[in-house]
């Protein structure tokens, strides 16, 4: 298996307009987690056009496809997530979301496009491949974690995947750059739900009750003290509350306040300590102010641990293709979470960051924001990187 980098990149450039068309179609037609019906249909449509064997699942909208090389060898996996977020797209572009309150603000439209592009080129060279390539289109990354159900449904078996590659665009990183990290890449997360129960009374006579809103305010402040004073400054953790609701009348003290958020930690010992302290704060503060505090903890995504030999493979490919100056080693673990972690828990894998930002074009907004966009030049770079990663992992020689 011998390939030439320059020739491969010419092929990628030859499908660049096609990539843009696909990405913009996905971006205009986003679908929320577990509702990716049209997205699934479009992926299948493209796979059929390429003549690539595929299969679907009963319990979710995932799609898996296989490119069969002409010779025996390993099976390498490539994964892309499919779902969008419940946000209003405020961009003014021809490809802005056509669905009110739904937006591809995390770049999954780009991830799917890159996987389809890599599939197209690799499939064109299937007669030269030694092994197989499994293409995994995964739903529900943003909510329930679609990776686990796909793994439970056997997506990594028949044929057994021996290594897997995933990527994520970032418009905080300039287009033309790759960022990666050896070892732990992302944190672990837990979802917390807090209920504060007080005693209702008239706003004119607050002494007749216990104001749950005041209690909740004290809890919010005290939770941040955990990060400031209980977590080792050399470590890292974050408690974020994203929702709060309570009360029905301006002149009545609320009996109940509900809050929701996340706890993100890097190591298990810190996680155990932080969750214990959250419980103590919620119950202790509420009790001291005459109310009751109840905490519910739901375990979220596990930490994402990269497989170092595969990180080295991606790093070498990036240096060869983009240059050492455009290949960045990330110094700190990200407190963001990613369910690709379940793939790297199950088998050797690597998750890396693809630069998609361009300040000259105003493309600087981070993911999960209403003005998020990508410089579409990142599509051809992402496709090329995944082609190189796959070929090297299959044992190919590239000059």
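Placed from the backbone N, Cα and C atoms, the Cβ positions cover glycine too.
Taken straight from TrEMBL:
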BINDING   106, 108, 142, 168, 368  Mn(2+) binding site
DOMAIN    194-283  domain 'Peptidase M20 dimerisation'
Cβ neighbours within the same chain of residue 368 (Mn(2+) binding site) - under 8 Å, at least six residues apart: 85, 87, 105, 106
Collapsed DSSP category at residue 108 (Mn(2+) binding site): helix
Output field, Mn(2+) shell: CB within 8 Å of site CB centroid, site 106, 108, 142, 168, 368 dropped: 81, 83, 85, 104, 105, 107, 141, 367
Cβ neighbours within the same chain of residue 108 (Mn(2+) binding site) - under 8 Å, at least six residues apart: 26, 80, 81, 82, 83, 84, 141
For residue 168 (Mn(2+) binding site), the three-state class that DSSP assigns: strand
